[in-house]
């Protein structure tokens, strides 16, 4: 295909220096505060449940059912924010959507600070979930559109790293403050995020799609190290051509009928370039959530008590969160060398073995083949959290920014993120029920079996996307051999 060859030839032409790397890192870091906020939003229920769950000494207490709803509601409203973001970012752009995404989170923390009942607790987490969902679609597609192929994998993983840092920050604050004070302090994160995003450029791909080529050129100059237009001209022409190939130019989609835009968005999911990566994304999100123990995290202090970790629970939370942060940093540093496929298969293999071993160890302890050792349980948990964050739990967010075609990227990334969080809500809400029927040990073995399924599926259907252009990735999914 001559168009592909032309673009691939142009792709190797631009050579940028350290300033380009710095500029793209600054832009990605600014929007990563949304992911820091996501980590804080996800982890604060752990602190609230720890302080209020069946606690007669607190201002008010919550029951098992209330804790289950409060710990999972954030994930069910997240897709609503994703869907709205996918619709609005095509009209208003990624930058404005990222700014707007912070507003509900601020009100959510105000409600949490003022809460004196489980109803207000749930209302606060609904606002936080909507906020993180609204920001997820725009942030994911933004990083994919501003970064060079050589940096896309590493920059894409910064979101996962930032989320873990937000979780770590929340658990550290939990060592010193009660949940109300933490809610008050947490309001500063979305405010800082708004201040930073104001200063970064809009996505050049979106600007070109809207026919604002002059602003797109200025944005490209900023993102490639504040260079002159002549320096970015080859890449800029490539982006213009990419919009033409993808069916977006001059602010119109090929239907050219605003009244049919919603139906046009739905019709895009019939395209193999959209539904095939969507299928892959949903499977990898499901496997990633399960083998990284995401559904258990709001109830991790309960699990600690079950395995005999009664002492130093706050310190253990900080340790687990710190290990996941370090793991994400390692994934960011090595993904360019290992590639996403190898890193996924390697870390998934280890976590699958750990989950199966964890379940077998609990069975052995209950059968009195071994004496119970809280330290061994903690080592299992630390290993699962750490290895997962080194690859399998970060990979979905890395490839989400690059597997969808330009024409459908906003809607498709939002749909993927939204469906992923519906999945996470279902897993989190049902976890206590599953554990009640299967017991902790057989739940871990079930999670290990999911890992085995993931290994088989990814071995055959997970492509390598590292160091590939967006058009090369799109061509892979369009090809008939991928079914």
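Every residue, even glycine, has its Cβ placed from backbone N, Cα and C.
Where the annotation comes from TrEMBL, it is an automatic prediction and has not been curated.
Predicted, not measured: the structure shown is a model, and the values here were computed from it.
Taken from TrEMBL as is:
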type	residues	note
TRANSMEM	21-49	transmembrane segment
DOMAIN	25-466	domain 'Major facilitator superfamily (MFS) profile'
TRANSMEM	69-88	transmembrane segment
TRANSMEM	155-177	transmembrane segment
TRANSMEM	183-209	transmembrane segment
TRANSMEM	278-296	transmembrane segment
TRANSMEM	316-335	transmembrane segment
TRANSMEM	342-363	transmembrane segment
TRANSMEM	375-399	transmembrane segment
TRANSMEM	411-434	transmembrane segment
TRANSMEM	440-462	transmembrane segment
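Counting Cβ pairs under 8 Å to the transmembrane segment (69-88), the top-ranked stretch among 278-296, 375-399, 411-434, 440-462 is 411-434. Here the domain 'Major facilitator superfamily (MFS) profile' (25-466) has a mean pLDDT of 83 out of 100.
Looking at 155-177, 183-209, 342-363, 375-399, 440-462, the range that has the most CB pairs within less than 8 A of the transmembrane segment (278-296) turns out to be 375-399. Using a cut-off of 8 Å between Cβ atoms, the transmembrane segment (342-363) and the transmembrane segment (440-462) share at least three residue pairs, counting only pairs 6 or more apart in sequence. Within its own chain, the transmembrane segment (316-335) has Cβ neighbours under 8 Å at 43, 46, 153-154, 157-158, 160-161, 164-165, 167-168, 170-172, 174-175, 300-301, 304, 309, 343, 378, 381-382, 385-391, 393-395, 398, 466, counting only residues six or more beyond its boundaries.
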